[in-house]
Amino acid sequence: MGDATAFSSMDEFCGSTFWDANETWWTTDPDFTPCFEQTVLVWAPCAFFWLFMLFDFWYLKASLDKNIPWNRLNISKLLINVGLLVVTALDLIMSFVKKGGDSELPLYGVDIWTPIIKLLTFLMVLMFIPLNRKYGVQTSGCQFMFWFLLTIFSIPRCRTEARLHQERGQIIGSQQAEPHDFTWETYQFASFFIFFAFTCLMLILNCFADQLPRQTKYYRGPKEIPELSASFLSRITYSWFDRMALKGYRNPLEEKDLWDLRPQDSCKEVMPTFAHYWNKNVRKNYKRASGGQEPKAQFSNGKVSFENPQSNGRKKGMASIMPPIYRSFGGIFLFGSFFKLITDILTFAQPQVLSLIIGYVEDFAKVPQPEWKGIMYSILLFVLASAQTFILAQYFHRMFIVGLRIRTALINCIYRKALRISNAARKASTVGEIVNLMAVDAQRFMDLTTYLNMLWSAPLQIALALYFLWQQLGPSVLAGLAVMIIMIPLNGFIASRIKTYQIRQMKYKDERVKLMNEVLSGIKVLKLYAWEPSFEKQVLDIRDKEIATLRATAYLNASTSFLWSCAPFLVSLVTFATYVLIDENNVLDAKKTFVSLSLFNILRFPLTMLPMLITNLVQTQVSVQRINKFLNSEELDPNNVQHDASKPHPMSIENGHFSWGDEDEMTLKNINMQVPKNNLVAIVGTVGSGKSSVIQALLGEMEKISGTVNTVGKMAYVPQQAWIQNATVRDNILFGKPYDRKRYNKVIDACALRTDIEILSAGDLTEVGEKGINLSGGQKQRISLARAVYHNADLYLLDDPLSAVDSHVGKHIFEEVIGPKGMLAKKTRVLVTHGITFLPQTDKIYVMKMGEISENGTYAELLKNRGAFADFLMQHLQEGEEEEEELNQIKRQLSQTDPALVAPFEKAILLARTESLSDSISVTSADSLMGGSLRRRGKRQDSYDSNASAASLKKKQEVEGKLIETEKSQTGGVDFAVYKHYIKSVGIFLSVATLVLNFVFQAFQIGSNLWLTQWSNDKAVEHDTGLRNMYLGVYGAFGFGQVVSRYLSGLALALGGLHCSLDVFTKLIRMVLKWPMDLFDTTPLGRILSRFAKDIDTVDNVLPQIVSQFLSTCYSVLATIVVISISTPIFLAVIVPIGFIYYFAQRFYVATSRQLMRLESVSRSPIYSHFGETVTGVSTIRAYTVQDRFIEESDNKVDKNQVCKYPSLIANRWLAVRLEMVGNLIILFASLFAVLGGQTNPGLVGLSVSYALQVTQTLNWLVRMSSDIETNIVSVERIKEYGETKQEAAWELEEDKKKPKNWPEDGRVEFKDFQVRYREGLELVLRGVSFNISGGQKVGIVGRTGAGKSSLTLALFRIIESAGGKILIDGIDIATMGLHMLRSRLTIIPQDPVLFSGSLRSNLDPFEVKTDDEIWKALELSHLKAFAKSLTAGLNHEISEGGENLSVGQRQLVCLARALLRKTKVLVLDEATAAVDLETDDLIQKTIRSEFRECTVLTIAHRLNTILDSDKVIVLDKGQITEFDAPSALLADPKSAFFSMAKDANLV
């Protein structure tokens, strides 16, 4: 009754009927009443505008820009708006003039109120035009929507007015009637159409965005993101992204193609807000002890300062990051959640419309309905789906923005904290853990934001679905729900099993990769010993275990996917069965069936999401705790060091007690130390006496317990472990200072870097790898020193900068830089040193002992004291590290200061001298066989053309700087050949089986659904229970078919994946182990490893899953098309154009998105590596006080990553909007054809439309999956590429069997005019070498670096193949036999001992062919027996990776034991210089002389005294033999090269 009264009051308001159902609904020609058109249809858009106007005000406030110039667009808007105001005002005036009062037309409320409402609204819109212009807002969604609604809602009135006009024309035209006064009606007609035209114009104008504002807060350049100045329409359809999609489709995107970041998302905008709320939160949690003034978040020149939780008095609790996050980003998040709410509601409107459509078709069969209703329903469905598409896209977009901003805020917050954290707090966690806070934990937030709304949305969706289902089916719904709920723990159980298997598989994978790492690192040794098969077997054994766990996982995965795909069917089966069996009167009709089915489909999503969401939340909770712990950890106390300029000396410590943060443990006690201005003060002492700690105390890095530290002036600091950034050498030295060429060159010469820089491929612009990986220790140390010198500070703290450099370089540096005549002579310097040579030149010496200063004074004073300093000198000399000339210098200094001390020192000096027979021949001992490092190869080739012109040399160096081939980054699509290769590896049978079974599964599914339609249309069922049970039984049988076929298809795929994994891996390892050595030299180890780790992992785990998802989505899209075409065949006509649209969207997306993701991952790692670098070098950064610069660098890196990340998120939205619109079109046509085709079968219509409703999501997934397949199949491509590289010669040949069993018997070695080069295209290293060694001779090979000594031995083992000439052993050409035959019959003791992790036994005898006795005998001869006996495990003692748990000498002895075990006729000795102490060296020499008496021994010598007793000596020079004779004969000839070498070594 309430409706009726409301209608009647409206009738009075209008003076005519307001709602007439017969005119609007029950008619074939529907129309609204004029009253309805003039009230509701005008008021609704206005109400919308007034409601959402708040957002417009918010945008005005939030805008960063100002002042858009007047232009055609906003002026036309203004004029048309004024026009509208005039028309409306006229309406109001005319209605007063023409109606009411004395005119015969009465004046109604509608004539006054409608124009007034319109007037106010237009005024408001008019106000926004100058406001938007002033505040730089370029487009307004609210206004666009207002004009859009107003235009749409005015259309019915157009029709009405036009009809009335026609009728009036007829009345006037027919002369019978008395004349009418139509002026009011004609006026209304005219005014309405003018108004309508203006509205349409406004709508068109609102489709465009205004010009760029003149004043902007941030520079908006040519590369600005189009989104900022895109119109509302372009924003909701994402058409502003089209340009990028097109560009990415034409050719792969590069970094320069990307747009700048939106200012709102940059660190500069995000950080201050976050910092503001964080500081507030800190203040709340830490009550201030002093009632001091509360600082605001300071924005001094754009710097953001975070307050330190520790410094503010008492602790009330941890300051958490959550409240500041809510406060800073909650607004956008809530706005997004509002969108989510709308889409949820729209989702449930769809089944309701579906039931209307089914009802329409059912009625159509009995009583023909007017066609417009069907059309209206179809359009309604389409509109709902489209609205959902657009709103959902905006929702995701908002969520991603929030996620990105939170990530930015957290990363920067963590970074800023890391620069201030105290050392004790830093030691509590490793650098890796701290970097993980940023890489993992901050990233978690980003992944979570999209899901977070599911917390309220999922229960809401479940509740709504159940409510609507209850309406359809009553209590039987609960049966279906029970099935769904039982599924969840079942899946949970399976998931936890999968997880245990995955952990196990990870363990095996790590083992396998570790072993591969060792194999590849020691590949040269494996080749020399012919040990590859043994290690291949070890790797394959681990792989077998891994495959076993993979097999278990595969079965489980098949069962989960099977459970999920059958769940919806089981649910509907159980529900419908319960429904019809509960009560005789319950009958399934089409409406019930299909509305329930589509509701069940909606229900699936929230039920799957909830468990995932909960695990995600738990993980994020853990992350929050970890980040909070870090952000609340204590910081360095800025008051550790005072800067009081009134003190007499620039650096001083008085009564200092310091610790490394552990209160109880004092590291330094009673430190008193003054450093006068411009003095050089040295700190000496034994290892661990606290020298470096004093430096740290001066920097303020140590916790001060009591006393005062004072420094005045700028600091520079050289740490003991040089800290080098991953930047160019020049940047490392400049360290943020401007480049001043004169000073820079002076510094480089002083620090002896000139020669190093000339060697580097690109001079001082060579990039230094992470942690300075491509520099030697000495180079790093000197760069670190150069940085300090260039910095031109007042105070210098030098922590043992000369430790890593050679003595003569150290001397040069001391004289040029540190000493009294150096560049720093006029500075105040503190030097920690071990070099006693320099001490006489210092102004004062402090001697440290056990954390205290034991004595101090000048050099002379300390020597007179005969105290700790003199002991220190003695001890130092006995360690014998000094060079000859230094010892003499010390002696001279002593005799000047205190002659009495000379005698005890003489003794120490003698000891030192005997031990340093320095290697006078070869400068780089690394040049022998095993160290085949690439850098040296570069030098080697240079040594020939030292006379070549500098220019050609420079060019050559640049090429050589790039010896490592750059990795091919695949761009564009993937060859079909790769897919073919994959299918072959999976196995043809299994591939076909998967396809067929998936097809069968879909057939059963469609079958069961068609059967349902048959059942719901069959009216006879109502009375016949037998018939009903038959229907139910067949339905169940169809279900059973689905279950079986689905499970089998899942299994087939899983097993295929396994088969592929096995096949691919075995091939890969076989191929890689057969690579020739030069391939290993030019391919970085990391790259080969990533094939074995990442790419194999992709083939194992990722690809099978993606393929299975791809297949199921692909088939379900096909099924949808089939079903719709069965019910409405005409649909096929539409498929083709829709398919085209789909294909194009997909191609554009895949090309662009793949490249964007690549760019994003490339730009992400610098953030983390820069952070890791900062954490390691934090004390250096603090010493130089350059924190701000580093913070800015970090911010820029984060922004740069966002620049790549944002477009890839947008690409997803762009695609989603386009694809979902394609899906919506399918919905539209499916429902339209169903309605228009005069279809009488309601079941079929229900089926086809409910299928169409699902298709939107599926289409989206299909593209995602196909692009994922393309991205991941690349792994197969890479592995395939590695399996097809060139191989070395065969390991075994048939002919080998004919050769003598115990070849070589005599050990005669003959080189005939032998030539060899390292790789194609390089010069010869040996140029025609000929010599003959008879069996059993001992031959020494000597020559300067790069003469070709090691090439000779490599050629003997055919590690490098000959380029001419041949090598005969016992008269057999070694090029004619298999590599393993050759290599296993020769023995080498390599220069650097390589051991593999495993037992001691496996390192000596990997093929397990020798007996224990033989092994013990070998150990005894190699002097390892005592050591091996002392081990608890004996021969089974585990050796760690690279033999870390043995000393270097012991490793060398293990290599000797290997040689003794093999005992072949030819032994090659690559003599070790570095590792072995003199005694061990003697042992090795003795053993070789006794045990290998009968053998031919070739020795590459570095110390001449070891080969003076050999039979012959070969002297090599530049790849040719210059002398070949007995050593005695050569020494007798003073002109020989051998003689001059011996003279250099003080042997003659």
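Backbone N, Cα and C atoms are what each Cβ position is placed from, and that goes for glycine too.
According to TrEMBL, the compositional bias 'Polar residues' annotation covers 298-312.
The domain 'ABC transmembrane type-1' annotation in TrEMBL covers 334-619 (among others).
Positions annotated as domain 'ABC transporter' by TrEMBL: 651-875 (among others).
Feature annotation from TrEMBL assigns domain 'ABC transmembrane type-1' to 992-1271 (among others).
Residues annotated as domain 'ABC transporter' in TrEMBL: 1309-1543 (among others).
What TrEMBL records for 292-312 is region 'Disordered'.
Annotation comment: TrEMBL describes 40-58 (among others) as transmembrane segment.
Annotation comment: TrEMBL describes 78-97 (among others) as transmembrane segment. Beyond its flanks by at least six residues, the transmembrane segment (78-97) meets 107, 111-112, 115-116, 118-119, 122-123, 125-126, 129, 184, 187, 191, 194-195, 198-199, 201-202, 205 of its own chain at Cβ-Cβ distances under 8 Å.
The transmembrane segment feature in TrEMBL is assigned to 112-129 (among others).
Summarising the annotation, TrEMBL assigns transmembrane segment to 136-155 (among others).
Only residues 6 or more beyond the boundaries of the transmembrane segment (189-209), in the same chain, are considered here, and those with a CB under 8 A from a CB of the stretch are 73, 76-77, 80-81, 83-84, 87-88, 90-91, 94, 138-140, 143-144, 147-148, 150-151, 154, 157-158, 161, 164-165, 229-234. Summarising the annotation, TrEMBL assigns transmembrane segment to 189-209 (among others).
Summarising the annotation, TrEMBL assigns transmembrane segment to 375-396 (among others).
Feature annotation from TrEMBL assigns transmembrane segment to 451-470 (among others).
What TrEMBL records for 476-494 (among others) is transmembrane segment.
Tertiary proximity for the transmembrane segment (562-582) is limited to same-chain residues at least six positions away from its ends with a CB under 8 Å from its CB atoms, namely 473-477, 479-484, 487, 490-491, 494, 588, 593, 596-597, 600-601, 604, 608, 1001, 1005, 1008, 1012, 1028, 1032, 1035-1036, 1039, 1042-1043, 1046-1047, 1050, 1112. Under the heading transmembrane segment, TrEMBL lists 562-582 (among others).
The transmembrane segment annotation in TrEMBL covers 594-614 (among others).
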Suppose I define contact as three or more CB-CB distances under 8 A, residues 6 or more apart in sequence; do the domain 'ABC transporter' (1309-1543) and the domain 'ABC transporter' (651-875) meet it? no
Paired segments the transmembrane segment (40-58) and the transmembrane segment (1215-1237) in contact, 3+ CB pairs under 8 A: no
